[in-house]
């Protein structure tokens, strides 16, 4: 089977991302087994970067 349009049509059967157990966002990748938002499944620590400020607003932190 090729890698073109026909195989891409099979991607609509199962969801790529489901709700994460840790952060609650719909960012847990089923195939890869980790959350794109908080890093659950890949790391014990929360995924956070200085260039990302949404998590600061969500948690009401001031640093």
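Heads up, the Cβ atoms here are built off N, Cα and C, so glycines get one too.
Between the listed ranges 1-19, 20-38, Swiss-Prot ties the annotation zinc finger to 20-38. Taking the Cβ of residue 20 (Zn(2+) binding site) as centre and 10 Å as the limit, one finds 20 other Cβ atoms among all the protein chains shown. Mean per-residue pLDDT, taken over the zinc finger (20-38), amounts to 95. Minimal Cβ crowding within 10 Å, among the binding-site residues 23, 35, 38, is found at 23. Under the three-state DSSP scheme, residue 35 (Zn(2+) binding site) falls in the strand class. Report note: the Zn(2+) site is defined by 20, 23, 35, 38, and the residues of the same chain whose CB lies within 8 Å of the CB centroid of those residues, excluding them, are 21, 22, 24, 25, 27, 28, 36, 37, 39, 40, 47.
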